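Quick look at what Swiss-Prot lists:
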- 153-360: domain 'ATP-grasp' (DOMAIN)
- 181-236: ATP binding site (BINDING)
- ASP315, GLU327: Mg(2+) 1 binding site (BINDING)
- GLU327, ASN329: Mg(2+) 2 binding site (BINDING)
Amino acid sequence: MSANDRRVRVAVVFGGRSNEHAISCVSAGSILRNLDSRRFDVIAVGITPAGSWVLTDANPDALTITNRELPQVKSGSGTELALPADPRRGGQLVSLPPGAGEVLESVDVVFPVLHGPYGEDGTIQGLLELAGVPYVGAGVLASAVGMDKEFTKKLLAADGLPVGAYAVLRPPRSTLHRQECERLGLPVFVKPARGGSSIGVSRVSSWDQLPAAVARARRHDPKVIVEAAISGRELECGVLEMPDGTLEASTLGEIRVAGVRGREDSFYDFATKYLDDAAELDVPAKVDDQVAEAIRQLAIRAFAAIDCRGLARVDFFLTDDGPVINEINTMPGFTTISMYPRMWAASGVDYPTLLATMIETALARGVGLH
């Protein structure tokens, strides 16, 4: 094989310090199964919940949910390593003691399959920019904005895009008064402001439930957002940047959760998503063509409004008055049930092609200011 024919070396980075560690592992397992080994030389770097980087054996079978048991990157499961924040090192991953400084691998591009804080929020993107290593997905700004539900809504609203009503509790305040939320009406959803996978989310149907819901959310994030419940269909759309910088939007998907587990107040929570297999996912969604196209265009506008790059999943409610944007996920789930790859498959882009496009776009973009 000539130098021009050599495979692109991709580091799939997963796990991390957030409470979405396990879902990141499952996403990584799915990606490892679907990367084209003829084109890509793949290494797998796990980050433990404590933050140590470990070179793993890239076994996707170890990164699955089995009998409701969640996967985890464990200390001692491989050689500990680091990525020096030095662009002169050319993407080198070096060992930590013993053998400190030994170059273990050199990579061309990083696929940071990290969900939640300390990964999806601009932190690893900043490290990769400092290290001069191209990476899949949004840059520092869009990653940070997309992780914070408050600032996502603020930027979208400033660009004239439809968002729901909300209230925010920020440190050092410890309580959110009922009067601040009454304008939202009931029910409301109380969430960690910088989190995903529906972890720490509560549905509040009585104001007496608000303090407990805030306390639950604060176990995951000191900043809490309270969102007005929106009556409508839950729709999602994938946005994908091509290597030439053009943007494409996928067919839509719909999540239906009414009556899940026999509860009238059910919503698409963590257990429904990943453990119970209880929600119904329709891909493509059964939506009028004109409405679907309008939502796809809104997804592209939202992507541009936060200066996103690479990919994103934009979540909507379709109400009687039209679509409302709920949030933007700059590194959506890539599990076998995740909507993002399923929507692109329904659009005619299979999983290996989708992953290859993301990597090609990352290499074409490079690093630095754009």
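Cβ from N, Cα, C; glycine included.
This view paints the features noted in Swiss-Prot onto the structure.
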residue : record                : Cβ contacts under 8 Å, 6 or more apart
CYS181  : ATP binding site      : ALA167, VAL188, TRP207, LEU210, VAL226
GLY195  : ATP binding site      : SER18, ASN19, GLU20, GLY116, PRO117, HIS220, ASP221
SER202  : ATP binding site      : PHE189, VAL190, LYS191, GLN209, ALA212, ALA213, ARG216, ALA217
LYS223  : ATP binding site      : ASP148, GLU150, VAL168, LEU169, ARG170, PRO171, PRO192, ALA193, ARG194
ASP315  : Mg(2+) 1 binding site : GLU234, LEU235, GLU236, ILE325, ASN326, GLU327, ILE328, ASN329
Give the residue from the binding-site residues VAL188, ILE230 that has the most other Cβ atoms within 10 Å of its Cβ, counting over every protein chain displayed.
-> VAL188
Using all protein chains shown, find which of the binding-site residues GLN209, ARG216, GLU327, ASN329 scores highest when you count other CB atoms within 10 A of its CB.
-> ASN329
Taking all residues of the domain 'ATP-grasp' (153-360) together, what is their mean pLDDT?
-> 90
